[in-house]
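Worksheet for the structure shown next.
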Amino acid sequence: MDQYHKHTCIRFRRKNVNDADYIRIKNSKTGCWSSVGRLGGEQDLNLQSPGCLSTLGTPVHELMHALGFHHEQTRSERDEYVTILWENISSGHEGNFVKSENGTTTGFGVEYDYGSVMHYSKYAFSKNKKPTIEPTKPDAKIGQREGFSKGDIIKLNEMYNCSSIDPESITTELPIYTTPATTIIDSISDIVNMIIG
């Protein structure tokens, strides 16, 4: 959550009894997952430990889902940047690779981002140890889970109207900005209740 505080105007806070809509982060043995966008009421986001907490980028990735972001490889223009190898994808996971229809999502003016924390790796959900995603750019690295890319930060700040953050100033060493957006999220020990306000 510190990454959101450091690079965006999105703020996290504890759920209180009057909060009707919130995200509950839990640690069940069902992997790393979140619904996309605000559903209303209690909304679960799962971070199974230790696996989902072994890199900074996995919780960042799942929180981006909860904040309304889809996987980078589902962008409508993705075929110019990657080839999806459907024959290598494990049964039941094809939905993670389905391309969005043009006009149903936005990249907020950010070019397709191989380095996005929302991009799957080359072998994601492979059933046969063969690639499921092949970048068209031979030297492109995909699937990093270190944290936000510059493009991720720009998109978050555009979506949540973080006008205090100049896109030209974004580097990996951003200062902390204090102007809060309307999205507020919180954490408490094992089960974390979060509100999007």
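Note that Cβ sites are derived from N, Cα and C of the backbone, with glycine treated the same way.
A TrEMBL annotation is a machine prediction, not a hand-curated record.
If you look up TrEMBL, you'll see 1-163 marked as domain 'Peptidase M12A'. Annotated Zn(2+) binding site per TrEMBL: His61, His65, His71, in sequence order. If you look up TrEMBL, you'll see Glu62 marked as active site.
Neighbour counts of Cβ atoms within 10 Å were compared across the binding-site residues His61, His65, His71; the minimum falls on His65. If you draw a 10 Å sphere around the CB of Glu62 (active site), it holds 21 other CB atoms from the protein chains shown. The average pLDDT for the domain 'Peptidase M12A' (1-163) in the predicted structure is 93. Taking the mean position of the Cβ atoms of His61, His65, His71 as the Zn(2+) site, the remaining same-chain residues with a Cβ inside 8 Å of that point are Ser34, Val36, Glu62, Met64, Phe69, His70, Val117, Met118. Cα separation, the residue listed as 'active site' to His71 (Zn(2+) binding site), rounded: 10 Å.
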